[in-house]
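S.K.: This is the structure, below, for whatever I ask next.
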Amino acid sequence: MQQIYTVKEIRSVAARSGPFAPVLSATSRGVAGALRPLVQATVPATPEQPVLDLKRPFLSRESLSGQAVRRPLVASVGLNVPASVCYSHTDIKVPDFSEYRRLEVLDSTKSSRESTEARKGFSYLVTGVTTVGVAYAAKNAVTQFVSSMSASADVLALAKIEIKLSDIPEGKNMAFKWRGKPLFVRHRTQKEIKQEAAVELSQLRDPQHDLDRVKKPEWVILIGVCTHLGCVPIANAGDFGGYYCPCHGSHYDASGRIRLGPATLNLEVPTYEFTSDDMVIVG
């Protein structure tokens, strides 16, 4: 039958052993008995390989160093600059723009001053042609835009009026509507013609001879709007037998010239044309 000696018992024996006490006290050992083992037996584990996720890159010092540039080193040394080392890339393809360059400057060993005038002339020619084309296109665009704002054909048709002169008796004045304004057409007598032709220009506020206001002496065509504040004068009235403005008392003669009152200008003469002895077109 085996016995198990404890540590305390071994130490007590070593203490009583005399000169061998230091040796015996420095060593202690447990002796296993048959009843219970001191240390449980361990079963060796089977080693397993670690499984890596191949979808994700494995970053380590070795993998990162493998991606570094591995090219010949180029060192540059100068007197006034510190030494430097850089990596030289020999796999870079420099683009060639020879197809887009002019023939005169393809040769790098040839001076470009010899072809300066020719190249400048070509550039000026292209610029001039482009400028003319842009100006022509802009002119057409502006013309079309301005013409779109002009009056239409039906409006232009109303801008002119035909008047039959045989409907106006001698010594009478007829009023028409033209462009939204009253239009006076007066058939003057010989007495009125001589009277207005004899008026001296020094007596007029707005000097103008009678022959300068008519194309035919017997016909006077005027716009019936007072030049003072825009009232409509009355025909065959006033101190001079022509037109009278009842608003502020302006007097005009038979030629439409201002003679008295606050108005300062003569009645306006529109543009007209005699197409025949019996027809006139105003506008």
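Any Cβ shown, glycine's included, is placed from N, Cα and C.
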S.K.: Determine, on the basis of Swiss-Prot, the cysteine among C226, C231 paired with C247 in a disulphide.
M.R.: C231
S.K.: Reported as an integer number of Å, what is the Cα distance between C247 (disulfide bond) and C226 ([2Fe-2S] cluster binding site)?
M.R.: 9
S.K.: With a Cβ cut-off under 8 Å, give me the same-chain residues at least six positions beyond the ends of the transmembrane segment (116-149) that come close to it.
M.R.: 102, 104-105
S.K.: Quick one: which residues besides C226, H228, C245, H248 have a Cβ within 8 Å of the [2Fe-2S] cluster site's Cβ centroid, in sequence order?
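M.R.: Checked against the 8 Å cutoff, the neighbours are T227, L229, G230, C231, P233, C247, G249, S250, G261, P262, A263.
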S.K.: Far apart in sequence but close in space: which same-chain residues, 6 or more away, have a Cβ under 8 Å from H228 ([2Fe-2S] cluster binding site)?
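M.R.: Looking at Cβ-Cβ distances below 8 Å from H228 ([2Fe-2S] cluster binding site), excluding near sequence neighbours, one finds C245, C247, H248, S250, G261, P262, A263, T264.
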